[in-house]
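A.B. asks: Dumping what TrEMBL says about this protein:
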{"type": "DOMAIN", "residues": "192-335", "note": "domain 'Peptidoglycan recognition protein family'"}
{"type": "DOMAIN", "residues": "206-341", "note": "domain 'N-acetylmuramoyl-L-alanine amidase'"}
{"type": "TRANSMEM", "residues": "139-159", "note": "transmembrane segment"}
Amino acid sequence: MALNSNCSNKNNINSTKVVGDLGDIQITESSDCEDDHNNKIQKVSRSNKSTIPANLLQNTVPVFGTVTVSNSDNVQIGNNTYFNGPVTIKQVIHNKSGVDNAAYSSTEDEIDPNSHHLHNGKFAGTLIKKEQILLWHKITFSAVCFTVIGSIVAIVIVLQHKSEQQKKTNPQTDFKTSESHSDPLLIAPDHLRIVSRTDWLAQPVEKPLNKLDQPVPWVIIMHTATETCLTQSQCVLRVRLIQSFHIESRGWYDIGYNFLVGGDGSIYYGRGWDYEGAHTKGYNKYSIGIAFIGTFNNDPPSKQQLEACQKIIKRGVQLRKLVKDYKLFAHRQLMSTLSPGDELFNIIKKWPNFVSNVTDLDSLIPN
């Protein structure tokens with residue numbers, strides 16, 4: 001902006017021309033150049049139109065020193081600042097003196113400067129209440145947990161005390177109970193496991209078998225001359241194969257043995273106590289044939305297998321299926337065979353009622 005001043009004593013008129021971005025402004029003063037205290041008359045003319053909205057212009061007539069601007073718009077004294085893009089102008093009122101923007105509409109927060117503090121105060125109060133509620137919940141939960149844990153511990157201590165008292169008062173009963181429940185397959189009072197025909201999936205007998213006259217006087221020990229078995233599943237397979245061989249190959253009505261002893265220490269029920277077997281020709285009608293599952297020419301049977309055989313013989317005497325003074329034979333003593341194997345034969349020779357001298361069998365045959 002350029003400012004040119006001309007003073008003429010002839011007409012006592014002082015004129016000023018303003019050249020700038022907003023157009024040329026001609027200001028004339030009708031006063032004496034020598035007297036600055038006289039009245040001033042200004043005439044301002046503008047050649048350019050304003051681009052600022054009318055609602056943003058102040059209605060009051062601005063006064064700058066001794067210069068008064070009237071009948072003009074878009075007058076700017078000082079630097080201009082231009083913004084490209086959306087602009088948000090927010091009025092912040094300070095206690096200091098200044099000029100307000102008449103075109104800005106105040107918000108509720110600015111009208112009430114204490115509302116922001118009130119909002120913060122309410123939020124802080126809500127947080128304090130939540131913290132108090134959470135603290136109360138924690139205390140309640142901890143108390144409940146301690147109560148439940150204490151009750152459980154008390155119940156356990158009482159039960160242990162009662163069990164200890166029962167053990168002290170009845171030690172024998174506790175021993176028998178634990179011993180009887182140690183094996184789920186025990187079905188006999190002398191701890192002998194007997195696997196029924198149903199359990200080892202025996203084939204049904206198509207024709208009726210001959211019955212034995214009881215009590216039976218003889219017991220004959222033999223082996224099956226097959227692979228041994230150590231678990232019930234293996235022994236069940238062996239017994240089923242033996243039955244199939246006796247029925248299909250030998251043409252017998254059922255498995256030939258009265259009982260079989262497995263390597264798992266169980267007795268597998270064959271023809272049983274009441275029916276005549278098919279194991280030792282000529283001596284079946286007055287004997288019980290007990291076969292050890294396996295081949296014992298070189299290896300002896302297991303201890304539990306031997307004990308199971310002795311238990312089934314003892315049980316036969318108790319049930320009066322065998323005579324008390326029964327006679328014990330090895331299969332090889334009555335037939336031309338290696339059964340029951342050298343190892344097993346050497347063991348049963350030491351058992352009670354074993355007959356070592358078989359030179360005169362006719363005298364041993366019962367009437």
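Just so you know, glycine gets a Cβ as well, placed from its N, Cα and C.
Bear in mind that TrEMBL entries carry predicted annotations, made automatically and left uncurated.
Show me how these features fit into the structure around them.
C.D. replies: The average pLDDT for the domain 'Peptidoglycan recognition protein family' (192-335) in the predicted structure is 93.
Beyond the ends of the transmembrane segment (139-159), by six or more residues, the same chain brings no residue to a C-beta distance below 8 angstroms of the stretch.
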A.B. asks: What are the DSSP helix, strand and coil residue counts for the domain 'N-acetylmuramoyl-L-alanine amidase' (206-341)?
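C.D. replies: Split by secondary structure, the domain 'N-acetylmuramoyl-L-alanine amidase' (206-341) comes out as 40 helix, 32 strand, 64 coil.
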